[in-house]
Amino acid sequence: MNTSDSEEDSYNERSALVQSESPTVPSYNQDNAMSLPQDTDSKRSGAVRSRSASGSGDAGPVDRERADTPDGEEEELTLKYGAKHVIMLFIPVTLCMVVVVATIKSVSFYTEKSGQRLIYTPFEEDPNSVGQRLLNSVLNTLVMISVIVFMTIILVLLYKYRCYKFIHGWLILSSLMLLFWFSFMYLGEVFKTYNVAMDYPTLLMIIWNFGVVGMICIHWKGPLRLQQAYLIVISALMALIFIKYLPEWSAWVILGAISIYDLIAVLCPKGPLRMLVETAQERNEPIFPALIYSSAMVWMVGMADSNNPDSAGERRRSGGGVRTQEGVESEHDAPQAGRRQYSAEEDLEEDRGVKLGLGDFIFYSVLVGKAAATGGDWNTTLACFVAILIGLCLTLLLLAIFKKALPALPISITFGLVFYFSTDNLVRPFMDSLAAHQYYI
């Protein structure tokens with residue numbers, strides 16, 4: 001296989017949100033879509049071709065492993081990598097939900113109802129009238145979904161007309177608010193809860209360092225683990241804001257509606273998120289790392305300079321961490337390529353990076369946090385937690401079957417809602433009755 005064939009195959013057969021260098025697409029609700037890497041030659045999800053740094057087209061370690069593996073053992077190889085992808089997603093999702101639940105259980109600020117509401121939920125719920133409360137929750141959901149659809153369309157138009165600087169500025173402003181203002185609120189309430197004395201200059205210095213490092217890691221360059229940690233933290237902070245300011249019934253209806261919208265936006269031929277995916281595939285552009293959690297490094301350096309021919313090679317190198325432009329490199333590019341030398345194993349791991357939208361982290365945590373805040377029972381909270389992980393496993397299973405970008409919310413949120421209401425209305429009364437009569441099963 002020569003260089004041109006390898007490049008043509010990887011361009012024509014790449015999937016949305018697949019590899020670190022492959023384009024994935026931003027969305028307003030931070031793209032509730034996820035995907036696994038797939039083989040660029042055989043379209044199997046088991047192994048991925050690793051291109052050499054010189055662009056010679058030699059087979060990578062996984063290709064050699066597959067070549068030496070009988071057909072009967074390919075399924076075992078696929079399952080091995082599939083299990084690794086499950087673990088790579090379970091750990092960050094679990095950490096995000098644990099942070100939210102621990103905060104809900106310890107900091108009363110996020111469970112107290114102050115009467116304030118988000119601008120997206122203008123209708124007040126009346127607890128004395130079930131019908132009116134249900135109607136207002138549905139109206140709040142319609143307003144919320146309408147805002148999401150409108151902002152997604154704006155994002156599609158901006159991306160279609162290559163307004164990358166505007167999108168990047170939009171994301172930077174959002175990150176600034178989360179990393180500075182919301183973090184300041186969070187630390188202040190935590191210090192009040194645990195009676196930690198701290199003066200404002202010291203607190204501001206902590207917030208400043210925390211926010212600046214986060215902005216650099218998310219929007220420029222930084223260690224992979226640190227970038228992942230910041231993405232988990234901002235997802236947890238956003239989920240806590242939703243838990244505090246969303247009305248109770250509106251929150252449950254919004255969770256169900258956002259799952260349906262996610263299904264339509266990703267899978268419909270004219271869905272906005274699918275259009276974004278297809279546009280990014282055609283342009284061969286990287287994703288905005290502020291919108292997704294990636295198990296492989298994603299950098300956004302020089303994306304706005306799309307007309308510069310040298311920027312394409314630079315994006316290829318920075319997107320995968322080890323990628324260099326295929327073919328003959330100029331003397332100007334050679335020192336830059338030599339600055340980042342990684343082994344083939346690290347290259348393979350970054351190619352096989354799993355990506356999950358931050359919106360999925362947020363709404364998973366909202367569901368578990370609402371269960372912990374309203375139910376107050378650990379059985380209900382753990383049931384929702386297990387339901388979300390089961391739904392995530394099934395989504396990954398479907399991903400391995402269909403080999404294309406899939407919405408990550410519908411299955412997990414549906415299972416979570418079913419487990420919550422069944423546990424809260426059936427299991428908890430049953431357990432309380434057993435405890436009251438001192439029955440042991």
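Glycine too: its Cβ is placed from the backbone N, Cα and C atoms.
Taking the topological domains listed in Swiss-Prot, Tyr110 lies across the membrane from Ser294. Range 407-427 is the one annotated as intramembrane segment, of 281-301, 407-427 (source: Swiss-Prot). Within the chain carrying the transmembrane segment (249-269), a Cβ under 8 angstroms from the stretch's Cβ atoms is held by residues 27, 29, 32-33, 121, 125, 133-134, 136-138, 140-141, 144-145, 148-149, 152, 242-243, 363, 366-367, 370, 405-410, 413-414, 416-417, all 6 or more beyond its ends. Asp360 (active site) and Asp262 (active site) have their C-alpha atoms 10 Å apart, to the nearest angstrom. Sequence-remote contacts of a segment are chain residues at least 6 beyond its ends whose Cβ falls under 8 Å from one of its Cβ atoms, and for the topological domain 'Lumenal' (377-381) they are 101, 368, 371, 420, 423-424, 427-428, 431. Ranked by number of Cβ pairs under 8 Å to the transmembrane segment (226-246), the listed stretches 138-158, 166-186, 356-376 are led by 356-376. Long-range contacts of the transmembrane segment (382-402) within its own chain (CB-CB distance under 8 A, at least 6 residues past either end) are made by residues 34-36, 45, 78, 82, 85-86, 89-90, 93-94, 97, 364, 367-368, 371, 408, 411-416, 418-420, 422-423, 427. Sorting the topological domain 'Lumenal' (187-199) by DSSP state (H, G, I as helix; E, B as strand; all else coil) yields 7 helix, 0 strand, 6 coil.
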